[in-house]
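Pulled from TrEMBL, these are the features on record:
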REGION    1-83  region 'Disordered'
COMPBIAS  1-36  compositional bias 'Basic and acidic residues'
COMPBIAS  64-83  compositional bias 'Basic and acidic residues'
DOMAIN    103-490  domain 'Amino acid transporter transmembrane'
TRANSMEM  134-154  transmembrane segment
TRANSMEM  181-201  transmembrane segment
TRANSMEM  225-242  transmembrane segment
TRANSMEM  249-272  transmembrane segment
TRANSMEM  292-311  transmembrane segment
TRANSMEM  323-347  transmembrane segment
TRANSMEM  367-391  transmembrane segment
TRANSMEM  403-426  transmembrane segment
TRANSMEM  432-456  transmembrane segment
TRANSMEM  468-490  transmembrane segment
Amino acid sequence: MFERQMEAHGCSHSERILGEVSEADSHGSEIWDSELKASVPQQPQPEDSLKEPLLRSSSLKASVVEDRRPQRPTLERYEKTSRVNEAESFEDEKLDNLLVEEKSSFLQACLNGTNVLAGVGVLSTPYALSQGGWLSLGFLLLFAVICLYTGILLRKCMDTHPSIVTYPDIGQAAFGRKGRFVVAVMLFFELYCLTVEFLIMEGDNLANLFPCADFTIGGSIVSDHQFYVVLSALCFMPTVWLRDLSLLSYLSAGGVVASLAIVSVVGCVGAFEGVGFSHSPATLINFSGLPVAVGISAFCLCGHGVFPSIYRSMKHKDQFTKVLVVCFTAVTILYGVIAVLGYTMFGEDLESQVTLNLPRSLVSSRVAIWIILVNPFAKFALSIAPLAVALEEFLPWNPKSKEFILGSICIRSLLVFSTVIVALAIPFFDLMMAFIGSFFSIALALILPCLCYMRIYGRAGRISSTEVSGLITVLFVGVVTGFAGTYAAIRGIIGSIFDKS
């Protein structure tokens, strides 16, 4: 399940970026204008079928939803050459594999949603609290409520037509091919930055667990952090080469367990290992660090790229709103508890990851660090796979040929190499997380859902003035916090790079 979620989150085919069907470029908005009048009517009207498919994949998925029978899209519009037919056959096979089975129960959907939201952000919420002060917890709660609301907006957008099954589909339904391009690029880059974050996290925690002296290679000084970043990338590399990620998808589902384990270990260290909870800073709000805290909070609560897949997988879709309520309530409590525990234990001395503050001599601390180190082994490959598959679509060979496989390995290896370069150049876990949260997460979780909803339902005249006011308020919060957080994160990254040099 999680593998399909990550594929949907990254829009694993290149048509998710390029919009292979040319009809969607010039006529996408017009098609949806007429279609929405049928699917979201003010008066009951018979629903007309799409005159032209927005995407081959979308039309295929729509037919499965409507007829419950697997059907192949027609190929008359494509050139009848052997190479094209082989490519189309392979594409159909991949699309069949991407169709989401509607079998998830309420509990399974809750677990999937919580697993998406509960990730590496649990390490930095205490640091966010130390940067923004106690009132920054209010932003965590505010973003939880807003993200819950925008998740419901995405569901409403998907209900307008059965062919809308992914977040980029929603972007195309609202703004045509350009909308799909913007949403897909944002998702790709968010995933790419997340893989960089994994490498930084691995380097920090391994250096804390196994500190070693700096050494020189070819006249260049290599620190222990840099060494472990490269070592982690080399360990991740074989998993990135895999094209069948089913095994890794099961391992990655341990995100909730890992997060709960970290909270438990931190609490035990504070209560039973002599650290205590005596560091209770009186800082109510710190305006200088508040933008970073806001960015980290947004990062923790963004799972909107995966919500459409969870929604389509549910057996009873009318329970999706309840699923979101359960998921956001659970992760907000989780993040709030670890933030308060870490802040009262270590105060202003908190590192960017709370595990770096835990005493290395304690067995429980080492267990927590090892849990954090093992978890990215599955999620790294799952996060980088959508971008890799999209780039592989540009290879000129048959996807089943040896040349294609070799080219795939080269592309994936170069992607990993590029993440190493970025992680070594910007080894700042907190600032990188704040940048991802402020720029990508706020755009995907606050701004784009409101814009798409207003575009789709506004054309059908189904938005009340009260709802418009709420949407504009969310957009205002998103733009202001996103701009402030992005500016603070970039400024901090640049300043840290110069201080380091």
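Every residue, even glycine, has its Cβ placed from backbone N, Cα and C.
Counted over residue pairs 6 or more apart, the CB atoms of the transmembrane segment (432-456) and the transmembrane segment (323-347) come under 8 Å in fewer than three pairs, which marks the two as apart. Pairs of Cβ atoms less than 8 Å apart link the transmembrane segment (468-490) most often to 292-311, out of 134-154, 181-201, 225-242, 292-311, 323-347.
Of the two recorded stretches, the transmembrane segment (134-154) lies close to the transmembrane segment (323-347), with three or more CB pairs under 8 Å once pairs fewer than 6 apart in sequence are set aside.
For the transmembrane segment (225-242), the list of distant contacts is 198-200, 202-204, 206-207, 210, 212, 215, 248, 376-378, 380-381, 384-385, 388, 408-409, 412-413, 415-417, 419-420, 423-424, 427: same-chain residues at least six beyond its ends, Cβ to Cβ under 8 Å.
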